[in-house]
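Contents: one structure, followed by commentary.
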Amino acid sequence: MAEEKPAVAFILGGPGSGKGTQCQKLVNQYGLVHLSAGDLLREERASGSKDAELIESIIREGKIVPSEITVKLLKNAMEKNGWAKSKFLIDGFPRSQDNLDGWNQMMGHLINFKFVLFLDCSEDIMTQRIMKRAESSGRSDDNIESLKKRFRTYIESTKPIIDFYAKQNKVITVNAEKSIDEVFEKIRPHFTDF
Ligand code: UP5
Ligand code: MG
């Protein structure tokens, strides 16, 4: 019988580790659905919803939006994409214990969690990439002050979530410092029968 619950992988790593870039390559190759929690929050901010100002201030400060908001956006986006028929790459989430608890409560029983893909990259390299992207991205958090705060939040709140999954042998770690294509070659085999 067909698996009715959608497969989900979380794609985690620091700011600029290449989450969005590698997800796009997985979409092109395997037709998976890529949902970036950051992109969904930026869309919600742009829509002028009641949460727009809160989201903007949190993003600029490199902090983490409460899970009630983010999980709802993810769930809506999954439903729009044809729930059970799809396989989802959830990029940049869960970033904290609050995110993980909110997700487990609302989504845990509805999905088939596969693994965390962890893009491991030094802060120096991530800084170089983000500051280069800052020249053209227009992202309000692509500046050195916000970036430092994003790194701190990543170490304090997100890394413990990766460690939590690692203890359960649910993390695939890839060295994300190589070229885009070299990183993808390491990632690809894990998604052939995802
Ligand atoms: N690049 C990528 N790979 C490269 C490689 N191998 N070699 C050389 N260059 C490479 O890549 C970044 C840049 O590096 C690009 O220019 C790329 O060409 C180049 P990208 O693929 O965009 O990296 P990514 O990891 O996606 O970086 P991003 O900046 O998106 O990561 P963040 O985690 O900081 O951003 P996100 O959008 O996920 O979140 C933004 C904010 O939203 C968070 O700080 C937080 O405030 C908020 N947020 C929440 O509150 N909750 C959530 O659940 C999610 C986000
Ligand atoms: Mg991204």
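Sequential numbering from 1, following the chain as shown.
Glycine is no exception: its Cβ is also placed from the backbone N, Cα and C atoms.
A C-beta separation below 8 Å, combined with a sequence spacing of at least six in one chain, links Arg133 (ATP binding site) to Gly16, Arg139, Asp142. Taken from TrEMBL, the feature ATP binding site covers Gly16, Ser17, Gly18, Lys19, Gly20, Thr21, Arg133, Lys178.
Under the DSSP three-state reduction, Gly92 (ribonucleoside 5'-phosphate binding site) is assigned to coil, being neither helix nor strand. Other Cβ atoms within 10 Å of the Cβ of Gly92 (ribonucleoside 5'-phosphate binding site) number 24 in total over all chains. If you look up TrEMBL, you'll see Arg42, Lys63, Ile64, Val65, Gly92, Phe93, Pro94, Arg95, Arg139, Arg150 marked as ribonucleoside 5'-phosphate binding site.
Under the heading CMP binding site, TrEMBL lists Asn99. Asn99 (CMP binding site) has a Cβ environment of 23 other Cβ atoms inside 10 Å.
Across the region 'LID' (132-142), DSSP classifies residues as 6 helix, 0 strand, 5 coil. Summarising the annotation, TrEMBL assigns region 'LID' to 132-142.
The Cα atom of Thr21 (ATP binding site) lies nearest to that of Gly92, taking the binding-site residues Arg42, Gly92, Pro94, Asn99 as the candidates. Most other Cβ atoms within 10 A: among the binding-site residues Gly18, Gly20, Pro94, that distinction falls to Pro94. Under 8 Å, Cβ to Cβ, and six or more positions away along its own chain, Lys178 (ATP binding site) finds Lys186.
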